[in-house]
Amino acid sequence: RCAGRVEVQHGGQWGTICDDDWGLPDAVVVCRQLGCGDALAAPPGAWFGEGSGPIWLNGLRCRGTEERLVLCRHRGWRPHVCAHEEDASAVCSGGLQYPTPCPRSRGPAPALTPASLPGGPTVRLVGATGRCAGRLEIFHAGHWGTVCDDLWGLQDAAVVCRQLGCG
């Protein structure tokens, strides 16, 4: 829930955000609004896969201090000339922090959508006791498969642990 492609709902329809000008301050606001802790990265180039439907926002320019994405500067709510290969993503620390309620309308809330299996995990650990240990598997094209360990390191393992909420 705290890492994935960033999608926003506008006019009752979900769409993506173009990664033009996308950066860590934008991810900071997304993570804050979702109650997902600190922003760790703002990967460009459809890092979590390409979305579908409209690309609602482009040229997002958050300062990182905004409480909600709707308060950041952008080029307007409309379909933009941007390909889904440029969908913005965010990786948050995953430490669940509840946002402060706001008496005014919150506007469209962003969502982080894992590309391979919307609404569900894209990675899992199997073959060991507990959910935070085991062999890494990834869900892709409708099937679970293993991950080759070539060039695999502690930093990679840390990302998986954060994604699974295992610390």
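Heads up, the Cβ atoms here are built off N, Cα and C, so glycines get one too.
It should be emphasised that the depicted structure is a prediction, and the values quoted were computed from it without experimental measurement.
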TrEMBL pairs Cys82 with one of Cys18, Cys31, Cys132, Cys148 in a disulfide bond, so which one is it?
Cys18
Looking at the disulfide bonds in TrEMBL, identify which of Cys31, Cys161, Cys166 pairs up with Cys92.
Cys31
According to TrEMBL, which residue among Cys62, Cys102 is joined to Cys72 by a disulfide bond?
Cys62
Judged by the number of other CB atoms within 10 angstroms, which among Cys18, Cys31, Cys62, Cys82, Cys92 is the least packed of the disulfide-bonded residues?
Cys82
Let me check the 10 A CB neighbour count of Cys72 (disulfide bond). How many other CB atoms are there?
19
Looking only at the domain 'SRCR' (1-93), what is the mean pLDDT?
88
Could you state the whole-number distance in Å separating the C-alpha atoms of Cys72 (disulfide bond) and Cys31 (disulfide bond)?
14
